[in-house]
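Taken from Swiss-Prot, the feature compositional bias 'Basic residues' covers 729-745. The compositional bias 'Basic and acidic residues' annotation in Swiss-Prot covers 750-762. Annotated compositional bias 'Acidic residues' per Swiss-Prot: 763-781, in sequence order. Residues or ranges marked as N-linked glycosylation site by Swiss-Prot: ASN291, ASN545, ASN572, ASN754. Swiss-Prot lists 670-694, 729-791 with the feature region 'Disordered'. Taken from Swiss-Prot, the feature transmembrane segment covers 12-32, 36-56, 70-90, 105-125, 128-148, 173-193, 203-223, 244-264, 294-314, 319-339, 361-381, 418-438 (among others).
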Amino acid sequence: MVWRQLEVTKAHVAYSCLGIFSSIFSLVSLFVKERLYIGESMVASVFGLIVGPHCLNWFNPLSWGNTDSITLEISRILLCLQVFAVSVELPRKYMQKHWLSVTMLLVPVMTSGWLVIALFVWILVPGLNFPASLLMGACITATDPVLAQSVVSGTFAQKVPGHLRNLLSCESGCNDGLAFPFVFLSIDLLLYPGRGGEIVKDWICVTILWECIFGSILGCIIGYCGRKAIRFAEGKRIIDRESFLAFYLILALTCAGFGSMLGVDDLLVSFFAGTAFAWDGWFATKTHESNVSNVIDVLLNYAYFVYLGSILPWKDFNNADIGLDVWRLIILSLVVIFLRRIPAVLLLKPLIPDIKSWREAMFIGHFGPIGVGAVYAAIMSKSQLESHLTDEETPLNYTPGKGSKHWQAMACLWPITCFSIITSVIVHGSSVAVIMLGRYLNTVTLTAAPTSRTASTSTKNSWLQSLPPFDKSGRPFSLQRLDKETSPTPGQIDVRTSGMIAAPALGMRQRWRQKLHGNKETESDIEMSDLQRQREEHTGTIDLNDTTTETLGTTNARTPGLAQRSKVNIMNRTETVNTIYGLDKLADDTENHDVYHVETSRVHDIGSSHDDVYTYEFDADSIDSLERERIKLLREPEQQAYIAYTEDNQVIIENRQGEILEYARSHNDGVRDAEAGSHNQGRHKRASSPPLERLRQITNEACKTKYYAYKVGNDLIVEDESGEEFRRYRISPHGGKRKIKKKKINNPVPERKNHSLLHSEDEMADDEAESEEENYGDSDDLALFVKDHAD
C-alpha cells in the first residue's frame, strides 16, 4: 500500500519534467547558445524525446485525450502570441516602407517553394496524387516565427544586419497566415477533383475574401481600437504598469478568439492587429526597456518543444504501409533545405531592395525554419479532410483506416511534417549560419555619450583634450584639414574643409538648420552628425578621453614641439575609425565640399513626402503641440547612425531599429554609386561625407591595424604604422566669447534647443508629459564611442 500523500498524477509529472528542464537549461543557456551554437528548440525536443513515451514514458501527452485537438489549440495560442509580438517589435510603419521586399518573399518565393516541395513529394511517395502532394508542400512552406527568434533577437542577432533581422521577422510573422491560401487550395483540389467552378468559388470567396482579406481588416480594427484605448487609459493615468505591459498579450488572445469564432485566418488577424497597434511606434517606445514578452516567449518555447518532442511519430517515419521510408524522407528533407527557398531568393535578389548582396540573399534563402506553423497547418488540414468523412468533432484522435477516402494523405501528412520540423530544428535551430555570416561582416557600432570636463573631476589627459573645450561659454575655434596636398591613395577621397564650433545651444546646429533650406545636399551629413547614446547597450565601448593602455596609450599632448614616439597615441582600427569620424565631422564645412569619385544617396529619409504623418507642413492649430513634440522625439533616434558594417566593396550604415540610413558601393575603378530601396520614392544623390568612405576603408580587414596620433604645436597628426600621414588638422582658437542671441525662427520643423540630442529612453517614453526644456538639458561636449564587432 502506497502512502496516500504520494498519489502522483500525470499532470504532476508533466509539471515536474517541464520545471526541471527549464531550470537546468536556463542555468547553462548562454553556454549552450554561444559556445555550442545550439538553440533551445533542439535541446527541448531532445529532452521531450527522452522523457516521452518512446523512452522513459514520464511525459506522455498521447494519454491525455485527443492529442490532435490539444496540439492544435496550443499551437494556435503560441503562434498568435508570437506573431503579434513580432509585428509589435518591428520598426514603426515597417510594412509601408518595405512592402515590396516583404511581398516578394511572401508571394513568389512561397509559391516557388510550395510547388517544388509538392513535386518532390509526388515523385518520392508512391500512391500520393498531386493534390495531396500540394497539401504536404503547403504545410511546410511557411517559415516559423518561433524558430526565427534565434536570429532576429538575442545575442546571435547582433551578428546579423538589422535590415535582415527586420525582414526575416516580418516575413516569418506574416507568411504563416498567408499559408492558408495554399493549404485550402490544395484541400479544394483534393476534395473537388474535376469541379473547377466549385474550386474557384470556394477558394476566392471563402479563403481569399473572407478568411484572408476580412481577417486582415478585422486585425487592423482590433489593433487600432487597442492602440486608441491604451493611449486613452495611459493619458488618463487609469492603467497600471503591469497591465500596460500585458496588454499586447491580451490583444493577441482576443485575436485568436475572434478569429477562430468567425472562421477567419487568426494568424493574419494577429499580425495585422499587432501592426496597427504599434503603427506609430508609441507602444514600442514605452515598453522598450521591458523584457516581459521575451520572458513569456522563452517559457512557452521551452514547454512547447518538450511537448512536441514527446509526440513525434517515430514509427511512421519508416512505415511502408503508408508509402514512407526513411530514405525517402531524408531526400525530401534535403530538398526542403536546399531547394525550398534558396533558388527563388537568389533569382529574385535584384527585385528585393532590402537584400544588398548575394551573401545576404543566400542567408535569407537559407534561413527559413519550419516549426510551430507547420504543426498548426498540418493538424488543421487533417481536421478539414476528416470533417468531410464524419460528423464527429474534428480533429479526430485517430487516423481513418486504410481504404477510407484520402486515408493516405491524412496518414502521411503528420509524419512528413514532423520529419521536416526535426530537420529544420537541427539545421536552423543552431546558429552556425549566423556565426558564419557575422564572420564576413565588419561592423562598427556608433554611439554617443555626454562627458564632463571639469578641473575637479577629470584627471584624464587625453590628446583630444588639446582641442579647446566645448564649454557653455561658447568659445569658438576652427578646425581645418591640412592634408589636402597629399595625393590620395586608391579608394581614398580628397576633402578640403574647414569649420567652426560655436555655442552648443544655438551654434553649429542652428547654422546647419539655416543652411538646410539653401543646400538640400547636406541633410544626410546633418543627420549623421547626431550620434545618439544608447544606454541599454551593455557591450563595452572605447572612450577617446581614456588614456589607459587598453585604449589610447599614454600621451602628453600639451607638450609643445614634436611629440616623442613614447608620447604618441597608438590606435587600432576601431579607435582610428572613431577619431577620423569625429574629427572629420568637426572639420567639415558644408559650404566647401571638394569631394571626388564618391556619390551616395539617402536610402530612407524619415519624414519624406510619402510619410505624410511625419511631415511638418501642417496648420499649428490642427495638431496638438504635445503630439508634435512626441513625433519629433520618435523621429530623432531613427535618424541617428548606430552601426556600420562593410561587406566586399560596400558600406552600410543603419540606425538602431535596423533601417538603412546610407548605403554606398565602391568599385575597383574608383567610381562609386549608391543604391536606394524601393521605399524611397526618389533618389536624391549627394556628395558622400568623408566618414562614410573612411568607415569602408578602415573597417577593411586588409588595412593596417596600427595608427599613430600626436600633436605638434597646433596641429593634430594621424599616421599609419609605415609613417605615411593619414590626417592632419590645425586648431585655430578664436579669442573672446560669442554672445548668443535667441531668436525665433519661422521654421516648420520644431527647433532643437541643444547641440546634443542626448536623452534617455524614459524621457522619450514620457514625451507627452514633459516639456521641451525637460527633454533637452544643457549639454557638455560630445565624445564619440566606437565598438568594433569585426573580430
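All positions are counted from 1 along the displayed chain.
Each residue, glycine too, has its Cβ placed from N, Cα and C.
Remember, predicted model here, so these are calculated numbers, not experimental data.
Remark: the transmembrane segment (105-125) contacts the transmembrane segment (319-339), by the rule of 3 or more CB pairs under 8 A. If one looks beyond the transmembrane segment (319-339) by at least 6 residues along the same chain, the residues whose Cβ comes under 8 Å of a Cβ in the stretch are 116-117, 120-121, 124-128, 140, 366, 370, 402, 408, 411-412, 415-416, 419-420, 423-424, 427. Contact between the transmembrane segment (173-193) and the transmembrane segment (294-314) is absent: fewer than three CB pairs lie under 8 Å, with pairs separated by 6 or more positions in sequence. Proximity of distant same-chain residues to the transmembrane segment (294-314), defined by a Cβ-Cβ separation under 8 Å and at least 6 residues beyond the stretch ends, is recorded for 17-18, 21-22, 25, 40-41, 44-49, 51-54, 59-62, 67, 71, 74-75, 78, 81-82, 85, 146, 149, 153, 249, 372, 375, 414-415, 418, 421-422, 425. Ranked by number of Cβ pairs under 8 Å to the transmembrane segment (70-90), the listed stretches 12-32, 128-148, 361-381 are led by 361-381. Remote same-chain partners of the transmembrane segment (128-148), defined as residues 6 or more beyond its termini with a Cβ less than 8 Å from a stretch Cβ, comprise 39, 41, 78-79, 82-83, 86, 110, 113-119, 121-122, 168-169, 171-173, 175-176, 178-179, 182-183, 185-187, 189-190, 193, 297, 301, 304, 323, 336, 340, 367-374, 377-378, 381, 406, 408-409, 412-413, 416-417, 420-421, 424-425, 428-429.
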